[in-house]
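Shown next, in structure tokens, is the structure this report addresses.
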Amino acid sequence: MNPNQKIITIGSICMVVGIISLMLQIGNIISVWVSHIIQTWHPNQPEPCNQSINFYTEQAAASVTLAGNSSLCPISGWAIYSKDNSIRIGSKGDVFVIREPFISCSHLECRTFFLTQGALLNDKHSNGTVKDRSPYRTLMSCPVGEAPSPYNSRFESVAWSASACHDGISWLTIGISGPDNGAVAVLKYNGIITDTIKSWRNNILRTQESECACVNGSCFTVMTDGPSNEQASYKIFKIEKGRVVKSVELNAPNYHYEECSCYPDAGEITCVCRDNWHGSNRPWVSFNQNLEYQIGYICSGVFGDSPRPNDGTGSCGPVSLNGAYGVKGFSFKYGNGVWIGRTKSTSSRSGFEMIWDPNGWTETDSSFSLKQDIIAITDWSGYSGSFIQHPELTGLNCMRPCFWVELIRGRPKEKTIWTSGSSISFCGVNSDTVGWSWPDGADLPFTIDK
């Protein structure tokens, strides 16, 4: 085949391929056009696939008013409820540096509230967190029993002193911040600022560091303003939906109230507090919903504060021996009897025990009938406080008494650059319990301390 014949042959093949391609394209266009005509003339023809529409309705959790009218449940001992192990976990995890943890429950859940230092454990910003009051401290909360971290915690308020409680509808939080000579308490209801309380003595306005108490839609808290080592001023506040509706200043000469642990009982409120001035036994105040109040000291010779003397003869006024300084604590009143929570050490914040004194609310002897170990004297404890589980949460027909214990680690007792704590909690039951030691258990110092 000569060159001209090759050119003619190749050209013919290309022309045939082109014609075939053109015919295929024309066929494709005709097919699409016919399909469109069929759909146009049969508009009611069912779709080839089934389409389903899902409708979602958001259901709000039911709200109730926590009545608080029930009496405390009868109990024979204390069952462990939670332990967060936050210092142990914080050696390798992102855990907040905290102090002053406390627990409060709604009708649906219990949460741990705590005052952060704006820092994480084992981090440079944990240096110097032994300080109580700073602009970096905030009130946050997380589910009870969980280590407080940036991933499970909810911001509540800017605060270096705080309280919180649930009325059955929303959370009330009280956060105090600002300078010592002019701090302000910011009240929030459902996360929204609803009221404020200005320091009235311009001397470190402070509140409970544990839950406030709610009865029939009203919540109650106690605040202190004035010296920590002599006569100060104390007020009870009645709060409804986040707004102060009434307050009364206690007429309490020679009394000293700080960091009260309050709970509802049969429609009234009982608060057991810290005397940082001159009492090694604990002062109390009880009041009704109109803020008509009574005051006193726990009479028992089983003393509840630390430091304190050895148990002996008590007083229904302040017991002055070793009465200066103190630690936040609690007790539960049962008629003339009292459950007393206290450190095991008479001089330091170490160990913890629960003691039942069947006549200790009104009598001054030091006899008691039950003691349950919580923390060994060789392990650190710290603040402690009460909280209540309402019948709307438990399904019981009574108020379940519970308490938490702060387990302080770090400065000033240990060689670290930081101060923080974990917590444990117990609830009262009328069944079998056991005494043991549930310490913090962290191995110090951390890497940042070396």
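One-based numbering along the chain as shown.
Glycine residues also receive a Cβ, built from the backbone N, Cα and C atoms like all the rest.
Note that this is a predicted model, so its numbers are computed, not measured.
So that you can see what the record holds, here are the features copied from Swiss-Prot:
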ACT_SITE  Asp132  active site, proton donor/acceptor
ACT_SITE  Tyr383  active site, nucleophile
BINDING   Arg99, Arg133, Glu258, Glu259, Arg274, Arg349  substrate binding site
BINDING   Asp275, Gly279, Asp305  Ca(2+) binding site
REGION    11-33  region 'Involved in apical transport and lipid raft association'
REGION    36-71  region 'Hypervariable stalk region'
REGION    72-450  region 'Head of neuraminidase'
TOPO_DOM  28-450  topological domain 'Virion surface'
TRANSMEM  7-27  transmembrane segment
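Residues belonging to the region 'Head of neuraminidase' (72-450) score a mean pLDDT of 98 in the model. Taking the Cβ of Tyr383 (active site, nucleophile) as centre and 10 Å as the limit, one finds 25 other Cβ atoms among all the protein chains shown. A Cβ within 8 Å of the Cβ centre of Asp275, Gly279, Asp305, the residues given for Ca(2+), is found for these other residues of the same chain: His256, Arg274, Asn276, Trp277, His278, Ser280, Asn281, Arg282, Pro283, Tyr297, Gly304, Pro318, Val319, Gly323, Gly326.
Distance from the CA of Glu259 (substrate binding site) to the CA of Gly279 (Ca(2+) binding site) is 14 Å.
Counting in whole angstrom, Asp305 (Ca(2+) binding site) lies 7 from Arg274 (substrate binding site) by their C-alpha atoms.
Ranking the recorded positions Asp132, Glu258, Glu259, Asp275, Asp305 by how many other Cβ atoms lie within 10 angstroms of each Cβ puts Asp132 at the bottom. Within the group of binding-site residues (Arg99, Arg133, Arg274, Arg349), the Cβ with the highest number of other Cβ atoms inside 10 Å belongs to Arg274. In the three-state DSSP classification, Arg133 (substrate binding site) falls within coil. A 10 Å cutoff on Cβ-Cβ distances gives Gly279 (Ca(2+) binding site) a total of 29 other Cβ atoms nearby, all chains included.
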